[in-house]
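Step one of this worksheet: look at the structure below.
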Amino acid sequence: MQGRIVKSLAGFYYVESDGVVYQTRARGNFRKKGQIPYVGDWVEFSSQDQSEGYILSIEERKNSLVRPPIVNIDQAVVIMSAKEPDFNANLLDRFLVLLEYKMIQPIIYISKLDLLDDLVVIDDIREHYQNIGYVFCYSQEELLPLLANKVTVFMGQTGVGKSTLLNKIAPELKLETGEISGSLGRGRHTTRAVSFYNVHKGKIADTPGFSSLDYEVDNAEDLNESFPELRRLSHFCKFRSCTHTHEPKCAVKEALTQGQLWQVRYDNYLQFLSEIESRRETYKKVIKRK
């Protein structure tokens, strides 16, 4: 039998096949091979009934996320709050870099707009991201049609309202929500397991919140490719390996000078590039000591 893992909990993998969910375990040979089944995996399995079955093999994955452990994702809704916590373009760009690198379509959703006195600043931010090519949503009405026939992950900084949004989209889920800690400005983690839910003709996953995000991009070329506007401009740079920092005849820097590139995004790119270089130097020092 073939199906997709829709839930993982306490060593059991719940596999959906033809609308029926089977409780399964992974064969011991998976551990020997260092393979771990994840939510989203397409698998071959055997089962005598719905409560006892075994996963026999895992199909090749098209993409994966480490945090949360989920695979074969079509798109990700990155939820950023307008306030409490304040909107953070740097954190948003970290999510976007990860998703671009993983070839997962991002959707930006802004929550808590009612806490703003006006939308002027957020509207300006929205225009910048839309000009890059990102889908940017303010409401459930804008978001819901995008969920059909897709596997969608919901992600974002803790306290931005992921579970609250999902409860509005699908009240039957009754997901626990948490308030912001006044002293830290951080939300409490309220999601304990990764599961798929059938919502609006698609599958969605609510995932553990993040207070920070580590992305897997570890070189300048991949970082450049993960910024769509830089990726497009880099074809016109004089040097193929241009890092858009000091090189002459750099199309990115020229676009920045002409006001055709958003300074905020470029500054975040430079920060991420600096972090990559710092990690590389640290790694070299560790290797040298060995």
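Heads up, the Cβ atoms here are built off N, Cα and C, so glycines get one too.
Annotated in Swiss-Prot:
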- Ser111, Lys112, Leu113, Asp114, Gly156, Gln157, Thr158, Gly159, Val160, Gly161, Lys162, Ser163, Thr164: GTP binding site (BINDING)
- Cys237, Cys242, His244, Cys250: Zn(2+) binding site (BINDING)
- 62-213: domain 'CP-type G' (DOMAIN)
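Positions of the features from Swiss-Prot, shown on the structure.
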{"residue": "Ser111", "record": "GTP binding site", "contacts (Cβ under 8 Å, 6+ apart)": "Ile79, Met80, Ser81, Ala82, Val160, Gly161, Thr164, Leu165"}
{"residue": "Leu113", "record": "GTP binding site", "contacts (Cβ under 8 Å, 6+ apart)": "Ala82, Leu119, Ile122, Tyr138"}
{"residue": "Cys242", "record": "Zn(2+) binding site", "contacts (Cβ under 8 Å, 6+ apart)": "Ser234, Cys250, Val252"}
{"residue": "His244", "record": "Zn(2+) binding site", "contacts (Cβ under 8 Å, 6+ apart)": "Asn224, Leu230, Ser234, Cys237, Cys250, Val252, Lys253, Tyr266, Tyr269"}
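Same-chain neighbours of the Zn(2+) site beyond Cys237, Cys242, His244, Cys250, judged by a C-beta within 8 angstroms of the site's C-beta center, are, in sequence order, Leu233, Ser234, Lys238, Phe239, Thr243, Thr245, Glu247, Lys249, Ala251, Val252, Lys253. Taking every protein chain shown into account, Thr158, Thr164 are the binding-site residues, and of these the Cβ with the most other Cβ atoms within 10 Å belongs to Thr158. In the structure shown, the C-beta of Val160 has more C-beta neighbours within 10 angstroms than that of any other entry among the binding-site residues Val160, Cys250.
Counting every protein chain shown, the Cβ of Cys237 (Zn(2+) binding site) has 21 other Cβ atoms within 10 Å. For Gly156 (GTP binding site), the count of additional Cβ atoms within 10 Å of its Cβ stands at 26 [all protein chains shown].
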